[in-house]
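Trainee: Encoded as structure tokens, here's the structure I'll be asking about.
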Amino acid sequence: MKLLAPVLWAMAALGVTWLVAVDSKESCTKHSNGCSTPLRLPCQEYFRPACDIHDNCYHCGTIFGISRKECDDAFLKDMNTLCKKLGSNSATCPARGKREVTSHRATSIAHSRLWKTALDQKSFLNRKARQVFFLLPTTCQGWAKNYHLAVKLAGANSYSVTTDLETCQGLEHCLPNH
């Protein structure tokens with residue numbers, strides 16, 4: 001029994017730190033809506049940690065003296081850091097769900113066949129779709145730039161200048177550079 005007590009204490013201590021880490025991670029999603037876009041875009045789930053920090057920065061940035069520009073710049077930096085973690089696979093963001101079991105090449109081939117079939121038709125809408133398709137980025141870094149541009153152009157109304165200090169207490173670790 002003498003040996004069991006220290007082991008139980010150690011397990012309890014590790015369990016508490018794990019619970020604190022989980023709780024702290026969960027608190028960072030309190031003011032976040034993820035990478036909300038009207039469309040399902042590539043990298044949306046992969047960029048979610050950066051989006052959570054960005055959303056918290058927009059909600060609580062003024063309380064901690066972080067400007068909207070600083071939030072947006074940190075957002076781009078965080079997304080580029082995520083892209084660099086992909087290493088040589090930085091051409092595309094990892095897929096989620098069922099597509100994870102397929103290779104990146106197989107998924108790309110399947111996508112290109114679907115696009116080719118859809119765009120081979122000669123309608124006006126398909127001509128427009130072809131134009132848009134060729135403007136879309138093909139790399140993780142390209143998508144990061146697009147997400148960054150989107151918040152720069154359309155995020156002004158979301159940056160909060162009237163946030164209550166009480167709602168942001170304990171969220172310092174959810175902000176850029178903290």
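Cβ from N, Cα, C; glycine included.
From Swiss-Prot, for reference:
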SIGNAL    1-24  signal peptide
MOD_RES   PRO38  4-hydroxyproline
MOD_RES   PRO42  4-hydroxyproline
MOD_RES   PRO49  4-hydroxyproline
ACT_SITE  HIS54  active site
MOD_RES   GLN131  pyrrolidone carboxylic acid
MOD_RES   PRO137  4-hydroxyproline
Trainee: If you measure from the Cα of PRO137 (4-hydroxyproline), which of the recorded positions PRO38, PRO49, HIS54 is the nearest?
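Mentor: That would be PRO38, nearest by Cα distance.
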Trainee: If H, G and I count as helix, E and B as strand, and all else as coil, what does DSSP give for PRO49 (4-hydroxyproline)?
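Mentor: In three-state terms, PRO49 (4-hydroxyproline) counts as helix.
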Trainee: Identify, in sequence order, the residues in the chain of the residue listed as 'active site' that are 6 or more apart from it along the sequence and have a CB within less than 8 Å of its CB; answer 'none' if there are none.
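Mentor: Residues satisfying the criterion: CYS71, ASP72, ALA74, PHE75, ASP78, VAL151.
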Trainee: Just counting, how many other CB atoms are there within 10 A of the CB of PRO38 (4-hydroxyproline)?
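Mentor: PRO38 (4-hydroxyproline): 5 neighbouring Cβ atoms within 10 Å.
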Trainee: Which Cβ among the modified residues (PRO42, PRO137) has the fewest C-beta neighbours inside 10 Å?
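Mentor: Comparing Cβ neighbour counts within 10 Å for the modified residues PRO42, PRO137 gives PRO137.
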Trainee: Return the residues near PRO49 (4-hydroxyproline), defined as same-chain residues 6+ apart in sequence whose C-beta is under 8 angstroms from its C-beta, sorted by sequence, else 'none'.
Mentor: ASP78, LEU82
Trainee: Tell me the coarse DSSP state (helix, strand, coil) of the residue listed as 'active site'.
Mentor: helix
